Amino acid sequence: MGGTSINLVVVVVELAVVVSLLSMRMGFCQEDENSTTSIYIVSLKQTPTVLLNFNNQGLNLEKRTKGFMHRNGSYSRLITKHHRPRNYSRSDRRYAAHISRVHDSLLKRALRGENYLKLYSYHYLINGFAVLVTPEQAEKLSSREEVANVILDYRVRTETTHTPEFLGLPRGAWVQEGGPESAGEGIVIGLVDTGIDPTHPSFSDNLSGNRFSVPTHFTGMCEVTMDFPSGSCNRKLIGARHFAASAITRGIFNASQDYASPFDADGHGTHTASIAAGNHGIPVIVAGHHFGNASGMAPRAHISVYKALYKSFGGFAADVVAAIDQAAQDGVDIISLSITPNRRPPGIATFFNPIDMALLSAVKAGIFVVQAAGNTGPSPKSMSSFSPWIFTVGAAAHDRTYSNSLVLGNNVTITGVGLAPGTDESTMYTLVSALHALNNDTKDATNMYVSECQDPSSLSTDVVQGNLLLCSYSIRFVLGLSTIKQALETAKNLTAVGVVFYMDPYVIGFQLNPTPMDMPGVIIPSASDSKILLKYYNSSLEQDPLTDKFKFGATATILGGLKANYSNSAPKVMYYSARGPDPEDSFLDDADILKPNLIAPGNFIWGAWSSVGTDSLEFQDESFAMMSGTSMAAPHVAGLAALVKQKFPSFSPSAIGSALSTTASMHNKKGEPIMAQRAYANPDLNQSPATPFDMGSGFVDVTSALDPGLIFDSSFDDYFSFLCGINGSGPVVLNYTNQNCGNSTINGRDLNLPSITIAKLNQTTTVERVVTNTAGNETYNLSWFAPYGVSVLVTPKRFFIESGQKQVITVTLNATMNSSAASFGRISLYGSQRHIISVPLSVIYKISYNVTENS
């Protein structure tokens with residue numbers, strides 16, 4: 001390749017084959033006759049590599065074990081040696097191999113002579129392994145002195161190019177970073193997703209004369225398989241691996257569909273990677289139509305892919321933890337997770353789960369972590385990303401929309417969707433329903449394939465030719481049993497002028513995305529509008545009683561939907577975007593932590609698409625797809641965070657999050673408050689002003705984030721003290737971090753976050769925040785408005801702060817009424833150099849006086 005080379009690791013035998021051979025050799029299957037086996041994630045009390053690194057840099061970690069006991073009672077000299085402070089590099093393969101041997105030794109001693117299958121050894125972010133055992137064997141492991149936690153593996157799921165312009169990048173942040181040719185230079189974004197299609201031009205490294213240079217701090221590798229051949233990686237896509245041991249062991253991995261390689265058979269991972277860091281200026285051509293040029297948020301950033309989710313089944317925590325562990329060890333700067341757990345983690349708090357705790361170690365290693373909020377909105381407490389060290393992103397609409405319409409012969413216009421051309425606007429065409437265009441050979445007119453235009457052989461060309469074919473859109477399209485593409489093929493075979501889809505009345509509340517069509521077409525997504533269309537059509541239909549032939553009187557013309565429309569009401573929070581308050585535990589107690597952190601574009605987002613991607617059937621065989629979800633919002637922020645990291649390389653992960661949060665916008669393009677959709681059905685008719693539980697600090701504004709003025713910084717020690725402050729958490733914290741809690745504990749409200757959330761305000765509470773000046777000397781004036789039912793006092797009201805210095809801000813909140821309804825306020829800091837810092841206030845339960853049983 002020339003220049004800096006990329007390390008390659010050749011996979012000679014696929015993981016699926018290895019696991020299969022091991023299972024056959026051991027006579028071991030997932031469901032034994034006597035007991036059912038499951039996959040467990042086991043973490044040990046011995047310190048992982050990242051904590052050893054930090055220990056050597058001065059953190060006082062309290063050691064819990066001196067080494068593992070051998071049968072003869074002596075301690076392993078090698079293990080004791082590794083408990084002494086020593087600086088282990090991320091790429092130290094010797095220590096990784098040693099830890100793997102320690103895990104093997106423990107399993108042999110704990111499960112003497114029994115069958116088991118170790119899937120992974122984790123060593124960098126957590127010290128542990130994933131293993132297939134029976135519940136009885138899991139209990140044996142749990143009772144071992146060396147073992148900290150034994151947790152049953154669980155499922156995770158995905159949360160499924162105009163946005164650079166909408167976010168103001170070409171005239172703002174990109175200008176500050178030297179233009180799109182330099183934006184994100186030297187930053188590595190690690191994406192844990194469904195893989196990537198390396199052949200897509202969004203990931204090429206030779207589109208311009210400005211050659212990519214692989215960052216020296218990245219030590220990752222590119223896995224090579226038949227599906228992902230040598231040369232798939234380059235100076236842009238600098239790392240790629242796949243993790244599927246948990247899925248393979250369960251027997252649900254389908255190598256022909258899911259690919260035992262980093263290659264993306266789904267499309268989701270390719271899409272998210274291009275949003276974060278796809279190349280600038282890539283033409284978006286879909287169904288033969290040009291929709292402009294695409295660009296990632298940080299087009300010069302590098303991409304490293306960790307495939308842990310798959311088309312046919314989703315993913316599992318054991319594989320995701322392995323992916324996160326590898327990404328951190330490789331040296332990525334940012335981790336983007338467009339995935340969430342299928343359920344809230346059980347236990348003492350939502351924060352104590354293998355994925356979140358691995359990410360805590362990643363943050364300690366200086367990695368900024370972004371996660372999708374989840375697509376479970378709009379109900380309260382629907383959040384699927386919980387922890388304060390994770391930057392959680394909700395989904396908002398941006399200002400570009402595509403819509404076409406159907407103009408009926410009675411002068412009624414019905415709005416529809418469809419990335420399709422229109423008919424001749426000066427001509428009205430006859431509407432012909434597929435149900436009334438049957439040929440003489442059609443036996444079953446009730447077959448849904450007929451009404452959905454899936455079978456051209458059942459329809460008469462003579463009847464349809466030159467007319468608009470009217471087709472039903474049913475739940476079968478949602479399930480992928482029928483497709484728009486097949487209906488279009490039917491229309492072409494019958495030489496129809498265009499296609500009109502009406503919504504089946506049984507499809508209730510389904511929100512339809514714009515769908516590409518290579519001929520005139522429109523989909524009427526509203527059931528009520530579909531009734532208007534059908535009423536007009538049926539009223540104009542006549543049938544000859546003698547011949548049974550139909551006379552069609554309804555006419556219409558299609559207005560095209562290839563041209564984008566722009567709305568000043570954007571952004572707005574989408575109905576599906578998960579909402580706060582943040583659930584602290586499975587009982588849905590509220591945490592003193594604001595989630596989401598902010599919102600970003602997530603609706604109708606163009607992005608690169610895998611050449612075999614099937615996540616959206618309507619974009620199959622296309623090179624780009626338009627997708628919606630918090631999955632699309634998270635990589636927007638990952639890419640924008642790369643711009644902040646590029647400008648401020650010394651910023652901690654929390655400082656990057658603070659810069660993005662405190663500068664977020666609270667208004668749409670009209671200057672009005674951002675709205676939030678409140679209902680799944682007819683969401684635009686059910687909306688109200690967004691609260692912090694809908695949008696966090698607001699809508700991301702990275703241009704302002706590149707000059708934040710003041711930041712709120714938090715460290716691993718702060719998060720550690722917060723975890724210790726959870727009632728009864730001491731043993732759990734000790735097990736996960738190998739540190740005793742001691743007396744240093746704080747509540748969530750006391751974390752130095754760029755927000756203040758009080759789940760339960762009992763009369764009065766005082767919290768402090770510490771700001772650090774990242775700009776020049778400046779004087780700040782403070783103002784605020786209080787949440788309803790709360791009085792607020794902030795001191796000082798004015799302060800002068802020198803560059804690099806800190807200032808303590810004290811906030812006293814007093815309940816003025818009893819209420820269980822959440823209310824919201826805001827603190828604003830106005831700098832003399834035009835910096836504006838905004839801090840949202842959220843208070844849920846308010847108690848103005850003590851209520852006793854006798855009162």
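Numbering starts at 1 and runs along the chain as it is shown here.
The backbone N, Cα and C atoms fix where each Cβ goes, glycine too.
Automated prediction, rather than curation, is the source of TrEMBL annotations.
Here is what TrEMBL records for this protein:
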- Asp193: active site, charge relay system (ACT_SITE)
- His268: active site, charge relay system (ACT_SITE)
- Ser631: active site, charge relay system (ACT_SITE)
- 40-158: domain 'Inhibitor I9' (DOMAIN)
- 184-669: domain 'Peptidase S8/S53' (DOMAIN)
- 750-843: domain 'Subtilisin-like protease fibronectin type-III' (DOMAIN)
- 1-29: signal peptide (SIGNAL)
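Summarised as a single figure, the pLDDT of the domain 'Subtilisin-like protease fibronectin type-III' (750-843) averages 97.
Rounded to a whole value, the Cα-Cα separation of Asp193 (active site, charge relay system) and His268 (active site, charge relay system) is 7 Å.
Other Cβ atoms within 10 Å of the Cβ of Ser631 (active site, charge relay system) number 31 in total over all chains.
Counting residue by residue with DSSP, the domain 'Subtilisin-like protease fibronectin type-III' (750-843) contains 1 helix, 63 strand, 30 coil. Neighbours of His268 (active site, charge relay system), defined as other CB atoms within 10 A of its CB across all chains, total 30.
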